[in-house]
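Down below is the structure, laid out as structure tokens.
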């Protein structure tokens with residue numbers, strides 16, 4: 001395909017339509033990219049043991065194949081031949097050596113011999129991988145002397161253009177086996193001295209639209225990537241970053257390193273070729289770059305015209321929240337209480353503005369065509385602001401949890417041990433859809449003395465922004481407005497999740513996919529639930545009028561809630577009874593679509609459910625018949641999500657068995673699953689519902705945002721082998 005083709009518009013357009021939030025405004029140029037050069041370094045091609053990293057190479061080839069299929073012209077510049085050849089020759093030398101030979105000092109192998117062996121091995125791997133993907137590749141070996149020939153450039157372009165027209169992937173490498181260059185490697189001739197500068201030179205000669213350089217780190221950092229204080233630079237501006245960057249150690253292999261990549265990238269971008277340095281360890285870095293996502297470091301000739309970002313970095317936001325939380329903890333209980341009361345008043349005073357911004361979000365959501373259940377969760381209904389303000393006042397009136405003493409023990413005479421509550425530190429809450437969650441979470445964070453970072457969904461951006469503004473406006477300067485930070489850019493989440501030295505707990509509130517992604521991406525403890533697959537079991541002794549009320553409430557009251565009923569289990573003896581038939585008719589009248597498990601499908605001719613482990617979040621549910629209470633328990637423990645489950649029965653023994661054996665965070669008897677809520681439990685509000693078993697479980701209120709510390713009050717005691725210490729370990733009254 002010639003350079004006048006449609007390029008990768010299909011991929012970019014499709015992705016942009018699917019996920020606008022991922023696209024960064026500074027990366028909009030990718031929509032016009034046609035010809036791409038991808039440079040992959042030795043540290044990416046090989047593993048720590050020097051052998052080929054087949055998983056990374058496979059992911060690389062799959063991405064190249066995808067781009068090739070979409071109409072992009074892709075050129076690959078690869079390193080790794082010397083390393084691969086050295087590994088192969090070491091093995092060959094080992095098998096041909098005697099024990100005596102191995103006792104002698106081992107001389108390093110000639111790099112040119114390693115390159116000669118490694119080039120064929122490396123290219124054979126590329127050929128095999130691309131062939132499996134129905135892609136043809138070609139090898140082109142060059143040296144710096146080739147570019148000294150004035151006619152070489154024309155021949156190079158002619159050959160590469162012919163290959164690209166045939167949809168062949170050109171794979172370039174420096175021909176180290178016959179290169180006449182000697183150390184130190186430097187650009188004394190103005191041509192190239194490693195594969196980074198080769199990639200830059202090829203980008204210029206072949207008129208590439210984009211150069212992607214894959215490294216063993218995620219991009220360019222302000223300092224060594226191993227330094228926690230180093231920050232990734234998403235857009236390089238030479239005037240701003242040129243003198244501030246300090247480079248760490250060079251790559252463990254190869255001749256380049258980040259300094260060489262920066263030099264090559266800066267030169268290429270100065271010539272008008274955008275460059276992105278990104279991680280070659282991620283399986284989708286190239287595709288993300290082509291989606292316009294803010295990953296890696298961008299070098300662009302016009303970057304200095306874009307201006308410096310005035311927004312705080314992820315680390316700066318987290319550190320500011322921690323500092324403000326310490327100021328908050330210094331206040332008296334009454335002063336902290338007053339902040340909450342002021343927030344409640346501010347919400348009510350700004351109700352019209354809040355509902356106006358929320359309506360703007362709703363209008364946009366409906367225009368885009370978001371699912372009705374999502375729009376329902378976004379909606380701030382009439383009376384909701386008053387209800388939220390009331391919840392905040394309830395939280396303010398709760399006993400102050402900070403420094404609350406849980407235990408006092410006399411360890412020895414005049415030596416007293418105390419265990420007290422204290423704040424966790426800084427919380428990161430990532431939530432979808434529900435702007436009212438922002439208010440609840442913020443009030444609980446303030447009451448518990450924690451700093452807070454909030455990231456809401458793009459669909460409720462205006463609602464979240466105005467609520468954040470109103471709440472922080474009520475926080476006094478002595479504490480600081482940055483106590484609660486609002487993260488507006490999705491790309492910042494990845495940076496925040498790396499800050500395990502600053503952020504103490506992550507609470508994701510949203511889909512199973514969101515929670516799973518967060519857990520996989522961070523070392524910070526994560527609290528929350530992935531699914532809300534809640535069950536109601538109607539036992540054979542159930543009062544069917546009661547059952548009807550509970551089931552209708554659990555399903556219809558708020559079907560998008562995580563504590564709404566998703567599966568209705570019924571004792572087999574109730575099949576075809578008047579009470580159950582009446583209940584099913586009422587559900588259908590309310591508009592509930594009922595899907596059947598195998599038994600219900602056969603006996604009631606209901607549409608068959610695909611999986612019992614399914615959360616509808618809408619006016620739909622699953623119905624299945626079970627043999628007895630034990631069968632119901634087994635079903636719930638197998639297919640449930642450990643959220644909230646309920647039994648309806650007049651049999652006390654069956655109820656107790658259910659309550660004790662269902663392994664869920666909340667288990668009810670004769671009560672709707674919709675009661676599983678922090679406010680309804682008297683917690684004032686909740687940051688979420690945890691289905692885990694560590695730290696907190698069920699609706700998480702103020703107590704779940706606290707940890708403990710040990711205080712020991714002595715009078716000069718020393719251990720000294722426990723000589724002279726008489727341990728009493730006597731429990732003391734709490735003060």
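Note: Cβ is positioned from N, Cα and C throughout, glycine not excepted.
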Let me know which member of 165, 176 Swiss-Prot also records as binding substrate at the site of 79, 195. 176
Residue 195 (substrate binding site) and residue 259 (ATP binding site), compared by Cα position, are separated in whole Å by 13
Closest of 215, 221, 223 to residue 79 (substrate binding site), Cα positions, binding-site residues only: 215
Measure between the Cα atoms of every pair in 79, 176, 195, the residues the record assigns to substrate, and report the largest value in Å, rounded to a whole number. 11
So of 195, 259, which of the binding-site residues has the fewest other Cβ atoms within 10 Å around its own Cβ? 259
In whole Å, note down how far the CA of residue 176 (substrate binding site) lies from the CA of residue 261 (ATP binding site). 19
What kind of secondary structure is residue 176 (substrate binding site) part of, going by DSSP in three states? coil
So for residue 223 (ATP binding site), how many other CB atoms are inside 10 Å of its CB? 15
To the nearest whole angstrom, state the Cα distance for the pair residue 215 (ATP binding site) and residue 176 (substrate binding site). 21
